[in-house]
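Okay, structure first, notes after.
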Amino acid sequence: MGNGLWFVGVIILGAAWGQVHDWTEQTDPWFLDGLGMDRMYWRDTNTGRLWLPNTPDPQKPPRGFLAPPDELNLTTASLPLLRWYEERFCFVLVTTAEFPRDPGQLLYIPKTYLLGRPPNASLPAPTTVEPTAQPPPAVAPLKGLLHNPTASVLLRSRAWVTFSAVPDPEALTFPRGDNVATASHPSGPRDTPPPRPPVGARRHPTTELDITHLHNASTTWLATRGLLRSPGRYVYFSPSASTWPVGIWTTGELVLGCDAALVRARYGREFMGLVISMHDSPPAEVMVVPAGQTLDRVGDPADENPPGALPGPPGGPRYRVFVLGSLTRADNGSALDALRRVGGYPEEGTNYAQFLSRAYAEFFSGDAGAEQGPRPPLFWRLTGLLATSGFAFVNAAHANGAVCLSDLLGFLAHSRALAGLAARGAAGCAADSVFFNVSVLDPTARLQLEARLQHLVAEILEREQSLALHALGYQLAFVLDSPSAYDAVAPSAAHLIDALYAEFLGGRVLTTPVVHRALFYASAVLRQPFLAGVPSAVQRERARRSLLIASALCTSDVAAATNADLRTALARADHQKTLFWLPDHFSPCAASLRFDLDESVFILDALAQATRSETPVEVLAQQTHGLASTLTRWAHYNALIRAFVPEASHRCGGQSANVEPRILVPITHNASYVVTHSPLPRGIGYKLTGVDVRRPLFLTYLTATCEGSTRDIESKRLVRTQNQRDLGLVGAVFMRYTPAGEVMSVLLVDTDNTQQQIAAGPTEGAPSVFSSDVPSTALLLFPNGTVIHLLAFDTQPVAAIAPGFLAASALGVVMITAALAGILKVLRTSVPFFWRRE
C-alpha cells in the first residue's frame with residue numbers, strides 16, 4: 001500500500017499547489033514509458049476488454065464518502081469516456097506498483113475538504129473582479145490533505161510507518177546561539193557584509209574578461225542576471241520524510257560525496273535544505289526558511305493530537321532553522337553539539353568568505369588529530385560551514401545584482417579545496433572516490449565562463465612571468481577541474497616546483513603567501529589526474545617528481561616552522577577582518593610523502609620554536625600535536641600512493657606487508673625507498689645504525705619484485721675534485737637522521753651544481769641545507785639501491801665543559817705539581833747517598 005500512498009500524495013499535492021500560477025506542468029515519464037501497456041491488461045465487459053478503475057460504493061461507508069458524485073453517473077459504460085471531471089471535486093487514482101494490473105481506486109474529494117471547511121459548506125460565488133496579482137511566496141509548504149479528518153491518513157508518509165526520523169524532538173529543540181542574528185544585528189553580531197558594487201560600476205560580460213581584469217579582480221564586477229541560475233519553481237522533498245514537501249524558488253545546489261559520505265545542499269530564495277549522511281553516523285538534515293514560516297512535522301497517524309512544528313532553535317529576525325536527525329540525548333554529546341552548531345550557522349553572517357575561513361580553521365582545530373578514521377562531528381561542522389558559505393554567496397549575489405570576479409573565483413576554488421579536506425580528513429573517504437559539484441551558475445553562462453578562463457590560463461602561461469599570476473593560472477585550472485585544463489598547466493606547474501626547489505637549495509626561505517599559494521595549486525594540479533582514472537606515464541612521472549621534491553622541501557626545520565606559522569595565523573584570525581586562507585599558509589609537508597610529522601621528536605622541535613605566549617604548555621602541546629597530525633592526514637592518501645607509487649603497495653603472494661610507511665622516496669620511475677620502524681619482507685633492506693633501540697629505523701629499496709635481501713651500509717668519503725665533472729650523484733637522495741630516530745631531511749640531488757656542493761663537503765661558517773648542528777648521520781641513496789654513509793657530513797656530539805670545571809681542573813693540576821715537588825725535596829734531603837758521586 002505504501003507505493004500507492006505516495007502516488008496519491010503526488011497527485012493531490014500537485015492539485016493543491018496548482019493554484020499558484022507560476023507552476024510549470026510536466027509530463028510524467030512513467031506515462032510515456034507505459035504507453036501501449038493497456039493491451040496487456042483488461043476487464044471483461046459486454047462491449048469489449050478495457051482497463052477500468054474501481055470506484056467506491058456510496059452505500060458502504062467510510063470509503064463511500066469518497067465515491068464519485070451522482071451527477072457524473074460513472075458506470076462501466078461511461079468510465080471509458082474519461083469524463084471524470086467535476087468542478088466541485090478533485091479526483092484521485094489510488095493504485096500500487098502493480099498498476100495497471102491492479103486497476104486501482106478512483107476517489108473523489110470535495111474541494112471544500114482541501115480548503116479545510118466543513119463538508120456542507122458551499123463554495124463562494126465566482127467574482128467578476130480580477131484579483132490583485134500577488135507575488136508568489138518564497139517558501140510554501142505543500143500540506144495536501146493534512147487537515148482533512150477522513151483522508152489525511154492516506155497521505156501520511158512512510159515516516160511513522162516504518163521508522164521515526166526524529167525520535168527525540170526535545171534533544172533538537174535548543175536555544176539560539178551567542179553569535180546568531182538578533183533584532184539589533186539582523187545578520188549576526190560578527191557579520192562583515194560582502195562588498196557591494198559601487199554606484200555606476202560597469203558589469204563586465206564574461207566573454208570580455210582579460211588579464212587586466214584578473215589583475216583587478218576585486219574591482220571587476222559581473223552581472224548576476226545571466227551568470228547565476230535564475231530562480232525557478234521546485235518542490236523540495238525532505239529525504240527524512242519528516243515534513244511535507246515544500247515549494248521553493250531554487251537557485252542552485254551543492255553536492256559533495258564519496259564512498260563513505262554524501263552531502264547535498266539545495267539553495268532557494270530564502271531557503272536552504274541541507275542533508276548530511278555518512279556510513280559511520282545517522283543522517284542529519286537542516287532546513288532554513290523565512291522567519292515567519294513554519295514547517296509542520298508529519299505525525300503518527302494513530303495520534304489524535306495534531307503534530308507540531310519541526311524541532312530547532314526559535315526563529316530569528318530573518319530566518320527560522322529546523323534541525324532533523326535521529327540523535328537522542330543519550331547519544332554522543334559531541335555529535336549532538338555539532339548538529340546544533342550547524343543549525344546556527346545560517347544566522348551567523350551574510351559573507352561567504354567568513355564561513356570558508358572558519359571551515360579552514362575548523363579543519364586545523366585542536367581535536368583534528370585526536371583520533372583516526374571518520375569523525376562525524378568534525379565532518380558535520382565542516383560541511384555545515386561549506387554549505388552555508390554557498391547559501392550566503394548565492395543570496396548576496398542575487399541581492400546585489402552583481403558579483404565580484406575575485407569573490408566568484410575565490411568561492412569556487414576554496415569550496416573545492418575544502419570539500420576535499422572534509423571528505424578525506426574528516427569522513428575517511430578514499431581519495432579517488434571524492435566528487436564535488438556546485439551548480440549555481442547558469443549552464444550556458446558556465447560554458448562561456450569556462451571557455452574564457454581556459455583561454456586566460458593559456459595566455460598567462462605564455463606571456464606572464466609573475467609568480468602571482470602563475471599561481472592564479474593554476475588556481476583557474478583547479479576551478480575548471482577538467483582534464484584539458486590540468487594538462488595545459490601541468491608542465492608549467494612542474495617547472496615552477498623545480499625552480500622553487502633550486503631556490504631552497506640556494507638558501508632562500510620559501511615563506512611568503514604567494515609562494516605558499518603557488519605551491520598549493522601547482523601540487524593540486526599535478527596530483528589531480530589520479531582522481532580521473534589511471535594516470536598516463538607522463539602524468540605519473542610528473543606527480544612522482546613533485547611528491548619527491550615536496551618531501552625534500554619538508555625538512556624537520558620546515559615542519560616545525562609550518563606548525564608555528566599555522567598556530568600564529570589561527571590565533572590571529574578573527575574571521576571578520578582577518579581571514580584564514582589555507583593556500584596562503586600551505587606547506588610542502590602537506591603535499592609530501594612524509595607521514596612521520598606527528599611523532600614525538602617533531603612535536604618537540606615544533607614546541608622548541610614556539611614563541612612566548614600566555615597559552616599553557618599543555619594546551620600548546622595539544623595544539624601542536626593536532627596540527628602535526630592534520631598535516632599527516634592531509635598528505636597521506638592511500639589511493640595517491642597506489643596511483644603514483646605502486647611499488648610501495650605491491651602485493652606479493654596475495655598479501656601486502658602490513659607496515660605503515662613513515663617516509664616514501666620515489667627515486668626512479670619504478671623504484672622507491674621507504675623508511676619504516678620495522679623491516680619489510682621484500683626489497684633491499686638496510687638497518688640504520690646509531691638509532692635508539694626503542695625506535696629503530698629501517699630503510700628499504702622497493703621495486704615491483706617480491707625478492708628480499710639485506711645489506712650493510714658502507715662508509716665512504718667523496719673524492720674532492722679540482723675540475724667540474726660528473727660525479728654520478730645526480731638523481732641520488734641525501735638523507736640525514738638523528739639518534740632519536742628523526743629523519744631530518746631527504747634532499748634530491750637534481751643538478752650538477754647540487755652534486756658539486758655535496759662533493760665539496762660541509763664548509764665551516766657557510767650555512768647549507770646539507771649541513772646541521774644537530775648530532776646526526778648522513779646517507780646517500782642511489783637510484784640502483786646502493787646506500788653509502790657520508791662520513792664528511794656526519795655531525796658528532798661535542799662535549800660541553802663548564803668554566804667552573806675547567807678552573808677546578810687547573811687548580812688541581814697546580815696542587816698535584818706542588819705536591820710532587822715537595823715529595824721530591826723530602827726524598828733528596830733524607831737520602832743523600834742517592835746523590836753521591838762515584
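Note: Cβ is positioned from N, Cα and C throughout, glycine not excepted.
Among the features that Swiss-Prot reports, signal peptide is placed at 1-18. Annotated topological domain 'Virion surface' per Swiss-Prot: 19-803, in sequence order. Per Swiss-Prot, the feature N-linked glycosylation site maps to Asn73, Asn120, Asn216, Asn332, Asn437, Asn670, Asn784. The annotation region 'Disordered' is assigned in Swiss-Prot to 174-204. Annotated region 'Interaction with gL' per Swiss-Prot: 259-323, in sequence order. The transmembrane segment annotation in Swiss-Prot covers 804-824. Marked as topological domain 'Intravirion' by Swiss-Prot on the basis of sequence analysis: 825-838.
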Assigned conformation of Asn437 (N-linked glycosylation site) - DSSP reduced to three states: strand
By Cα-Cα distance, the member of glycosylation sites Asn73, Asn332, Asn437, Asn670, Asn784 nearest Asn216 (N-linked glycosylation site): Asn437
Secondary structure at Asn332 (N-linked glycosylation site), reduced by DSSP to three states: coil
Of the glycosylation sites listed as Asn73, Asn437, Asn670, Asn784, the one whose CA lies nearest the CA of Asn332 (N-linked glycosylation site): Asn437
For the region 'Interaction with gL' (259-323), mean pLDDT (0 to 100): 88
Secondary structure content, the region 'Interaction with gL' (259-323) (per DSSP, counts of residues): 0 helix, 34 strand, 31 coil
Among Asn73, Asn437, Asn670, which are recorded as glycosylation sites, the nearest neighbour of Asn784 (N-linked glycosylation site) by Cα: Asn670
Residue pair Asn437 (N-linked glycosylation site), Asn73 (N-linked glycosylation site) - Cα distance, angstrom, rounded: 54
Asn437 (N-linked glycosylation site), number of other Cβ atoms within 10 Å: 12
